[in-house]
Protein chains: 6
Amino acid sequence: MRNDQRNNNDLRPITITPNFVKHPEGSVLIQVGDTKVICNASVEDRVPPFMRGQGKGWITAEYAMLPRATDQRNIRESSKGKISGRTMEIQRLIGRALRSVVDLNNIGERTVWVDCDVIQADGGTRTASITGAFVAVVLAFGKLLNNKAINKMPVTDFLAATSVGVLPEGTEVLDLNYYEDSQAHVDMNVVMTGSGEFVEIQGTGEEATFSYSQLQSLLRLADEGMKEINRIQRETLGELAGRIGETVKNKEDA
Amino acid sequence: MRNDQRNNNDLRPITITPNFVKHPEGSVLIQVGDTKVICNASVEDRVPPFMRGQGKGWITAEYAMLPRATDQRNIRESSKGKISGRTMEIQRLIGRALRSVVDLNNIGERTVWVDCDVIQADGGTRTASITGAFVAVVLAFGKLLNNKAINKMPVTDFLAATSVGVLPEGTEVLDLNYYEDSQAHVDMNVVMTGSGEFVEIQGTGEEATFSYSQLQSLLRLADEGMKEINRIQRETLGELAGRIGETVKNKEDA
Amino acid sequence: MRNDQRNNNDLRPITITPNFVKHPEGSVLIQVGDTKVICNASVEDRVPPFMRGQGKGWITAEYAMLPRATDQRNIRESSKGKISGRTMEIQRLIGRALRSVVDLNNIGERTVWVDCDVIQADGGTRTASITGAFVAVVLAFGKLLNNKAINKMPVTDFLAATSVGVLPEGTEVLDLNYYEDSQAHVDMNVVMTGSGEFVEIQGTGEEATFSYSQLQSLLRLADEGMKEINRIQRETLGELAGRIGETVKNKEDA
Amino acid sequence: MRNDQRNNNDLRPITITPNFVKHPEGSVLIQVGDTKVICNASVEDRVPPFMRGQGKGWITAEYAMLPRATDQRNIRESSKGKISGRTMEIQRLIGRALRSVVDLNNIGERTVWVDCDVIQADGGTRTASITGAFVAVVLAFGKLLNNKAINKMPVTDFLAATSVGVLPEGTEVLDLNYYEDSQAHVDMNVVMTGSGEFVEIQGTGEEATFSYSQLQSLLRLADEGMKEINRIQRETLGELAGRIGETVKNKEDA
Amino acid sequence: MRNDQRNNNDLRPITITPNFVKHPEGSVLIQVGDTKVICNASVEDRVPPFMRGQGKGWITAEYAMLPRATDQRNIRESSKGKISGRTMEIQRLIGRALRSVVDLNNIGERTVWVDCDVIQADGGTRTASITGAFVAVVLAFGKLLNNKAINKMPVTDFLAATSVGVLPEGTEVLDLNYYEDSQAHVDMNVVMTGSGEFVEIQGTGEEATFSYSQLQSLLRLADEGMKEINRIQRETLGELAGRIGETVKNKEDA
Amino acid sequence: MRNDQRNNNDLRPITITPNFVKHPEGSVLIQVGDTKVICNASVEDRVPPFMRGQGKGWITAEYAMLPRATDQRNIRESSKGKISGRTMEIQRLIGRALRSVVDLNNIGERTVWVDCDVIQADGGTRTASITGAFVAVVLAFGKLLNNKAINKMPVTDFLAATSVGVLPEGTEVLDLNYYEDSQAHVDMNVVMTGSGEFVEIQGTGEEATFSYSQLQSLLRLADEGMKEINRIQRETLGELAGRIGETVKNKEDA
């Protein structure tokens, strides 16, 4: 039994509240257990200088935590005057993951800025961010469709993320909370599409290692969890969910 | 009639949700119309180096906006690597205001960090921050009282803030929303105590000026609004409200 | 009696030396008691990017202290790599105040950079900066008039600033020196026009508060002082003083 | 056939020159094809503040490229005044990987600083850095053993890294050069121990995804390459290679 | 004839006003032609961490220009967030030069901070800074002698600096003004002691070179000028001048 | 006898390896005794904004040390977020020296970026950098000549640098190693052309001074050393050496 009474293959309760903030084109509050992240997708009608004139769009992400999202207060990165390595890793991961399921050729010369701001943290903030950001991005494209700014949903597939890991006693578990994460010998974040392909696998064994058979078990757990997460995303999106996949990305074009 | 159908002396609807984030000693979400700010008060068991060994505490505040709290997305201050002048002005104001109603000699060598994070902005974010931060700080001291870390509520009086201003056509109004604020010829932020004394007056006439009689009208409007805000703070605090004033600050000690 | 033998409503001796530095379009050394500030106004023939093409000008201010302008040496802000909150507040205030009496529509696409550098400090450096900067700006416009770069003095009224405050024993005083400022329970900076309108009121009661009747007394003191300061500015400006008010700002245009 | 005539499962030629720079405790130049990295391990007789007094050591890594290590000159990170997200990710990865095979309890309160400086880049700089850094660290511990500063080799197993990926036409390949890396649809860095356990898997499909069976093939290729790399490391280390594994890390202690 | 009617071996008029700012232990305004620099020497009763416990003192210098000290306004280094290479070179030079004539073993564990702030520039600001800073430092030590904080003047000899250069037409000149400096093919700053020894020679031929015989002529000019500058320093210092040389530095101790 | 058995007028062994890194247009590894510097010259087909449209080119230099190039590890300047004064001084010196022997009017609107990266330091890194950078720059221009991008070698003369100094016992020596440099009372860097003219003299007597006759002896030593260094540069450059001087710089044009 885990410290919060879940089975090894149980996700924590997930809720996704759409339109949480009024200004952004897409906005959700995602809660995964006690982890709460505001994911806002903002559409800007231009692309970074290095991409101008190609007729393509861009998606980029930023990630931050409120200072007291955690048990101990953290100094703001704006006060320190620089962004930590951890933050950079996470925001690069979120952006990369989202781009893997969006056909950037079909959104015009626009940038989608995705802001994931953690207001309460209890483990899994980066995977919750990806899961919530996906919904915010689809909502933002929904608004562009409504305004006839684009004419096809440019999102090719569902996208979600979760964590899996090996606890000290050797059990493999799904969706680690903060307590488990701080104890785990192996920690792996997995990003997958709705059709079950991998987008990103980041498995780390700090001061520990893991075998091929452990890897297999962990990926099986992730795959299971993903199906449930996709179901919740679909529910939140309602009608818009049906338009995902309208665009197919040609791998050779990538 | 104002653009949102209020009378000149009407506040927008205000709600204060206590215990909004689970980790901080004191936490509220304050909503003033469409302006929403998370105010977290974190207690740290030490003071800055320059204050050590004096047996006194300290209160300091930080303020930030989510990038898409506003109609146009703003670049994060952490990305820019520095804090804007506007942010600095606001966080210095919040800290100064809170310190005026707390007896720092009665909280031990502790620092109270107050974080005001605007998640949605529609004018008046700095005054909403002060009003909400006051409640968060009282909640935090309530926790210290419960833990017997302190034995008297060190808060000497209620504290709240609001804005008043002169619209282009010359009417004086209370609690400006973003639209009004961007039009106003004169903009004044007023911080007052529960007993009606001023803590801070910041009146500014960019590209305009104001007369002594206008000043008098504006301060009357502020005073009226303050009473209603104090009522809502009192309601949110419940029993703790009764302990405010338990400590009296000796002006000569200041 | 005050620590320097002044009456409560006495200003310190003020002298304004025009053309103090040879390169700037307008330059003065202002001395208010032992406070000495070099105020230089530099005219640049372009405006910031966000204002281009509107046919309007801009005025912006910077403020700094020499490291040993004060009793204890301060670390340079250039060495620290960032500007303090206090400096930002002051330079924003100076710029805002100057803009309130200049018709930016009548100076072409030019920026006036105002640099206030305190070489010796004894309280009231921000108000001395505003009072001196006003004269430097009029001198700079005088040079533009001479060169026929503009054809009307764009300054609509006189502008000056002073401080008022409440000393610990409760007396209200005008033009606080450093010793008084460090003791005062209430500190208020007032910026006014030659015709007696307010441009800015910043009243602060750190660890203290003030009543409406105290506010009234303080503003009366400020108003008195302002008349004397305007007289000295007028004297320094000589003939140019007569051209102030040649342009009238239409409040509706602001 | 690949652009440099290798088979899919061929590594590029690898040479590791020990004692390349004279000052560091451990120093190698590693060449993997045209990629050349200087890996220096410096031993400092103290640990970071947060670890003092625990009797344990620490290993940390930094990574940089000479500006013209690449085809186009890059601006120095010291000139930009900040470290890029890419650099941060890489140096965190190197440090984490090294710590997984060193028993930090057996090196005293010492920090090993590992500097990986790329002097010429042709793909795979992060994996070459890990492979070379491992040898530099063992050499540095060899010097401590010689000086009797420690009495057991604290390295528990061999450690090496390589990349695998999927080329646009779908073939899976080992050890991508720069040309291949810039084309690849899937890019995966794998860090493994001498006994075949995983330390880190980072698989990324930017604008593409990969299936479970592709993952299996890629990991098989990595596993093959690793054996050859370990052989070259062993050769470079000579006698010291025999002492690796003298210390066994207790997983429960991690 | 030079552009300001001087002969080749003429200095510009030099005046040194002692006690220019009231707070510093030593303060002068030095004017060399139209170049004006405030030189303040501040004594702090401690040394930097790396020197503690050695019973020795330290002298360090900082240099800056007001933004409009020059013909075109320069952006403040505090706004840019970093100090330029030129500024760093100059402040390192000033500090090094002063240390060459002060016996740091005889000033206790004190730091002398020398601030050279150029308020008006017309060439030769770094050499004027050295010449003025020397006087400010002697004044500061005079105050320490008065207070019995030290009992011997720790200054071993006079110190002054000037520039020499080669104009485009090939003539060698002393003490270049800004116009000459911007034209010169060779520019050399020379720092010398009262007894005619060199402390620093910095000769630079950007986009030009100079011969051994030109070097000889330039150094002769510098030597001549130095005698006149020492005379003015001596006059400014009055009685204190007589105490210079009271301490003799043992070269072997250096 | 010196600590490494050299005579006072002996250089350390010098080798220059051309084409050390494959990407840059010009690249050498220079070794002067145990000092090793990689000098890369990169040609970029544009100039900085302030030089555009003049038909001229620019040469600029950057200098850095690997953290463990020295006996004690140094913190990276990229980690500190700023470049030290020492680094700035050195890179400004290298750029200035190179520009003195290149006719910038004959290289088109191109920038040559020279990167000097010290991989092992034993004194004289700045002079080795200049000597090596000169060769790298000639190689880079050789490539432009080959590509017919330019049609004359724009380098007007040979350029090299060395150090001379006075050891504590008073002997004057050539080419100081690190041990000597740290002991020396006087330290002088001399940059000269192949025809024996001075480009730069930087003589410094920190906590010591030097006489005119010492200066003469030091410059004689430098002149001697320079001839040997030029011989080695000539040898490395082979045929390209013969083209140096093809362009003559008109001093009046400078």
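Numbers here mean position along the shown chain, with the first residue as 1.
Yeah, the Cβs are placed from backbone N, Cα and C, and that goes for glycine too.
Just so you know, TrEMBL annotations never went through curation; they're auto-generated.
The Cβ neighbour count for D:Gly124 (phosphate binding site), using a 10 Å radius over every protein chain in view, is 25. Residues or ranges marked as phosphate binding site in TrEMBL: D:Arg86, D:Gly124, D:Thr125, D:Arg126.
TrEMBL lists D:11-139 (among others) with the feature domain 'Exoribonuclease phosphorolytic'.
The feature domain 'Exoribonuclease phosphorolytic' is assigned by TrEMBL to D:158-223 (among others).
Under a cutoff of 8 A between CB atoms, and with a sequence separation of 6+ in the same chain, the neighbours of D:Thr125 (phosphate binding site) are D:Thr35, D:Val37, D:Tyr63, D:Met65, D:Ile90, D:Val118. Note: the phosphate site is recorded as D:Arg86, D:Gly124, D:Thr125, D:Arg126; in the same chain, D:Tyr63, D:Ile90, D:Val118, D:Ala121, D:Gly123, D:Thr127, D:Ala128, D:Ser129 also have Cβ atoms within 8 Å of that site's Cβ centroid. Averaged across the domain 'Exoribonuclease phosphorolytic' (D:158-223), the predicted model reaches a pLDDT of 94. Note on the binding-site residues D:Arg86, D:Arg126: the fewest other CB atoms within 10 A surround the CB of D:Arg86. Taken through DSSP, the domain 'Exoribonuclease phosphorolytic' (D:11-139) splits into 40 helix, 41 strand, 48 coil.
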